[in-house]
Structures are given as structure tokens and as C-alpha cells.
Amino acid sequence: MNVSPAPAVAAPPVPAGPAVRRRRYLLCPPEHFAVEYAINPWMDPDRPVDRAAALRQWEGLASVLRSLGHRVDLLAPEPGLPDMVFTANGATVVGGRVLVARFRNRERAGESAAHRRWFTAARFRQVRTAAEVNEGEGDLLPAGPRILAATGFRTTAAAHREAERVFGRPVVSLRLTDPRYYHLDTALAVLDDSRVMYYPDAFAPETRRLLRRLYPDAILARAPDAAAFGLNAISDGRHVVLPDGARGLAEQLRAAGYVPVPVGLPELRKAGGGPKCCVLELRPE
Ligand code: ARG
């Protein structure tokens, strides 16, 4: 594995301030990446995938995160688990407690054990595997005092209640309705403790009303930026790493005072993933 330490962007270092914290992220190099099955509408097993290109693009993402001052830990990739690069789905980590995922599709089930082993070896305070179908940070996004969680395609409502018990934080259930946006992190991104951006059309009407009430100043993405996977973004409270195709959203972020940091991950996109899917945040608090 060759993870280049050279910064891929000339981004300013994370300034000290209440909103911006140095983050710790878990990533997994796409050494066994492939599209061998179709469990979301973006996946087409007949379309060729360039694994070397996927690795280069992923290395670009890892070096961007490092250049922004964040810590990147690595999970060892395993053969036979072609979606393992999407570490966001393997667990949710809040306050040093780890709720390891239980995947909906058997094709990904083996990833849970790999995550469990990593977290146990890394001596996290509490490591337990979800009893309910739960696809980790793909569907559960900690946002300040609460956790935003989705149902509709993968994670169940029962898993939301389980997460509430495990983490002792209120979990707000949101309902996804468009199969292209099958995980919460494809339709909504947490920018900081009090702000989010999302694509309203990906959600059920009652969820749209709830989001408007909870986040009256949210950034609302437009259809082309959502389709470019623009909501699949990683924010440290100031820098927002997002797909380079989401140009309109990058402008909206800039206007709101954030620093957009575009990255290109076209190969991983063939599996229905973007930058956020490749990153699991390890939250000490
Ligand atoms: N092929 C993977 C799946 O369908 C992509 C996962 C993307 N991850 C995410 N956090 N949205 O499960």
C-alpha cells in the first residue's frame, strides 16, 4: 500500500477555534475493490472498474484529509469484500463507544467482523455489534447533541432505538424515499454541530418538514449537485471535502463561510460511493 504523504491541495491548516476540531478517521484502501453485485442503482457489474485508478483516487482523498491536519487510521482490506473501502458503513463511534454495523445485504456481512476486530485491537471503550440492521455512519450521523438517522432502504427504525440506548443520545429518525439516495450520507451532510446541508427531494414529506424545523438555515442542494454525490461530504467544521462535480454546492458552501475542498473519486462512484462513504469518524466525545 502506498499512501502518498504529499498534500494534494493547498488548503490552509485547520485554525484553532471552537467549531474546528482535529478529527480522527478510519479508512480502508480499495485493494480488493470491484463491482461484483448490484445492491444500489449506481452499481452495474457489467461495467469495467479500474482498480489501480480507484487506489490512486483514494490515496488522493487520504492525503487531502492528512493535509487538513486530521489523523488517518487504516483498516486492512480483505479479499472477497469489494465494498470494504466504504468504512463509513462499518460502525458508528460516539464518545469512544463503538456500535459495529449489521449489514442488510449478505454480500457485505463479512465487513462487520473486520471492523469489530480493528476496534477491539485499538482498545475502544466499548465495542458491540448491532442486533438490528444498521449500516453505521452511512445511515447514522452524529450532529451536535443528537444523532440523525435514516430508514427507508438499509437501516431499520429498530436500529435507531438501539443506537439511542447504546449512545444515550436522542436519535432523530428521517425517511429516505429515492433509491439513488439509499444511505443518509448520500442525501445529507453534517457541517458542524448546528448546521447541515441536504437534498430535500431525497426525503419523505414529513421528514422534509422536520428538517426545515430543526435546521431553518440549512444549505439546500439542487438536483445536479445531489446526483454528483455532493452531499457525500466530510466536514471538519470549516473545510468541506466533497466530490469535484458538485460545483454549485461548493459555491453555496463558500457563500456560507465554509472552505470547499473538491476531490475526484469517479471509480468508487461506480459502486455508489463518494468521499464520505470512505471515511468513518472516530469520535472521542
Ligand atoms: N456499494 C456500497 C453499498 O451499496 C456503497 C456504500 C456507500 N457507502 C455510503 N456510506 N453511502 O452498500
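Backbone N, Cα and C atoms are what each Cβ position is placed from, and that goes for glycine too.
As annotated by TrEMBL, active site, proton donor applies to HIS183. The active site, nucleophile annotation in TrEMBL covers CYS277.
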In sequence order, what residues of the same chain, 6+ apart, have a Cβ less than 8 Å from the Cβ of HIS183 (active site, proton donor)?
ASN89, GLU135, GLY138, ASP139, ALA150, PHE153, ARG154, LEU176, CYS277
Three-state secondary structure, HIS183 (active site, proton donor) (per DSSP):
coil
